[in-house]
Amino acid sequence: MAEITGLVLPFFGLIFLGYLTARLVDHPGEAMGWLNTFIVYLALPALFFKLVSRTPVEELTRADFILTSVGTTYVVFALIFAIGLFLRRNTVAEATMQGFAGAYGNIGYMGPGLALLALGETAAVPVALIFCFENAAHFTVAPAMMAAAGGSKQKPAVVALGIARRIAFHPFILSTFAGVAAAFLSFEPPLPLQRLIDYLAQAAAPCALFAMGVTLALRPLKRIPAEIGYIVPAKLVLHPVLMYLALSLGGAYDPIWVQTAVLLASLPTATNVFVIGQQYGVWQERASATILITTLLSVATVTGLLYLIRSGALPADLFP
């Protein structure tokens with residue numbers, strides 16, 4: 001257990017330092033803009049490119065793994081959406097936000113750093129594949145559902161064009177595809193460029209985690225919404241359990257790939273859920289509360305999951 005604590009403490013410690021710094025130092029929220037720009041447009045794309053470009057091409061074309069992992073995430077989304085819409089009688093827009101809160105994990109800011117730290121560089125490819133295709137799905141579903149709910153005043157063709165543009169030009173997706181192309185062509189960047197990529201990649205995890213802590217501090221918890229009662233268990237427990245079962249039933253996967261997918265599924269609600277709510281003017285305060293609560297509780301749940309993985313108590317294939 002001491003080994004697991006040694007893995008998790010620096011990771012969540014960076015989030016805590018970001019939170020503490022934001023509470024102690026009086027800076028406006030806009031001051032985070034350039035740090036987030038550095039993370040989203042430079043550091044994390046460099047990390048994805050570096051890791052994917054060094055991977056054998058055959059490992060980058062596992063459509064079965066992609067469909068199973070993304071499909072499992074949307075099973076959780078559909079379940080929470082149905083609870084919100086039919087049992088709680090919320091609007092389509094509110095139920096959509098609840099679905100994202102229960103299924104959209106913080107795989108961008110938390111995923112790469114934690115997976116690589118806990119499972120090694122072999123985890124890089126499943127992290128990149130899950131992140132790339134899951135975010136492409138989120139970028140498609142969110143505006144489509146909000147348009148169906150009447151939360152968007154744009155014409156369907158404009159919505160569709162916006163979705164395609166957002167997916168095609170997202171820096172994470174572009175860097176992943178660039179990494180795939182480099183792997184296919186066996187391209188190695190010149191040494192000065194490779195060093196620059198390395199510097200940016202090394203900055204990705206600490207900057208992203210610190211920024212996440214600051215973001216949590218800037219959105220203080222005002223009240224605990226009732227939906228927390230089913231969203232939190234769905235995100236922190238149901239999602240990783242279903243991911244584990246689906247991959248165990250779905251085929252023969254590398255144990256590290258299974259463990260990576262389960263670990264990513266166990267992560268707390270993504271800060272992008274608040275951004276979506278803010279964009280459409282729905283469920284903003286509750287999204288902020290959900291992100292904060294799931295992040296706090298994930299210290300225990302993620303630590304427990306890592307203990308199961310590292311101790312061998314969680315076999316890679318439940319049905320060998």
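One is the number of the first residue shown, and numbering goes on along the chain from there.
Each residue, glycine too, has its Cβ placed from N, Cα and C.
Feature annotations, reproduced from Swiss-Prot:
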| type | residues | note |
| --- | --- | --- |
| TRANSMEM | 1-21 | transmembrane segment |
| TRANSMEM | 32-52 | transmembrane segment |
| TRANSMEM | 65-85 | transmembrane segment |
| TRANSMEM | 113-133 | transmembrane segment |
| TRANSMEM | 167-187 | transmembrane segment |
| TRANSMEM | 196-216 | transmembrane segment |
| TRANSMEM | 256-276 | transmembrane segment |
| TRANSMEM | 289-309 | transmembrane segment |
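Annotation: stretch 256-276 has the most Cβ pairs under 8 Å to the transmembrane segment (65-85), among 32-52, 167-187, 196-216, 256-276. Residues 1, 4-5, 7-8, 12, 15, 101, 106, 114, 118-119, 212, 216, 219, 221-225, 227-228, 231-232, 235-237, 240, 259, 262-263, 266-271, 273-274 of the same chain lie 6+ residues outside the transmembrane segment (289-309) yet bring a C-beta within less than 8 angstroms of a C-beta in it. Taking Cβ pairs closer than 8 Å, the transmembrane segment (196-216) reaches residues 11, 14-22, 32, 35-36, 38-39, 42-44, 46-47, 49-51, 106, 108-110, 112-113, 116-117, 189, 271, 291-292, 295 in its own chain, all 6 or more past its ends.
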